[in-house]
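Heads up: the structure comes next, in structure tokens.
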């Protein structure tokens, strides 16, 4: 049986921390699906299509990697449907772990065949969240150390769309 994992998230935007966790997951699992959540409860900056295109561009050439969208439904059921035996979650701080631990227990209840695997990113990414990256970028700050150049370009374009009288 192939070791297959799902790496779910909003990925708005996909950061170097996300990439770091993904690269670690690919050393453990034969197949990893980056699963973009189309979460109507979150106010996203980028469309699902924009996020999917960005992730595909950043991860081109990575063996065993797939990028999909979860439009609705439960993650545990999706894992069952695609035959995944693990859910990857990046954990930066204790605060993240408490929330993720609760989700892990619920997913295990819904699908006893799936295990949540917690991976810590490189320490240089532990204090950066997508929400902070978006906020700083939309205010004109430099986030180039925390995102891929293509994501940085997307952030600059989005800033110009939303605030047309700004430079950068």
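Note that Cβ sites are derived from N, Cα and C of the backbone, with glycine treated the same way.
According to Swiss-Prot, the ATP binding site annotation covers 10, 11, 18, 90, 91, 92, 100, 125, 126, 127, 128, 129, 130, 131. Per Swiss-Prot, the feature substrate binding site maps to 10, 42, 75, 89. Residues or ranges marked as site 'Transition state stabilizer' by Swiss-Prot: 18.
Residue 126 (ATP binding site) falls outside any helix or strand according to DSSP and counts as coil. The Cα atom of residue 100 (ATP binding site) lies nearest to that of 89, taking the binding-site residues 42, 75, 89 as the candidates. A straight line from the CA of residue 18 (ATP binding site) to the CA of residue 89 (substrate binding site) spans 10 Å. Among the binding-site residues listed here, namely 42, 75, 89, 89 has its C-alpha nearest to that of residue 126 (ATP binding site). Taking only the Cα positions, the spacing between residue 91 (ATP binding site) and residue 42 (substrate binding site) is 20 angstrom. Most Cβ neighbours within 10 Å, among the binding-site residues 10, 126, 130: 130 holds that distinction in the structure as shown.
Overall, the recorded ATP-binding residues 10, 11, 18, 90, 91, 92, 100, 125, 126, 127, 128, 129, 130, 131 cover a maximum inter-Cα distance of 18 Å. Of the listed binding-site residues, namely 18, 42, 89, the sparsest Cβ surroundings within 10 Å are found at 42.
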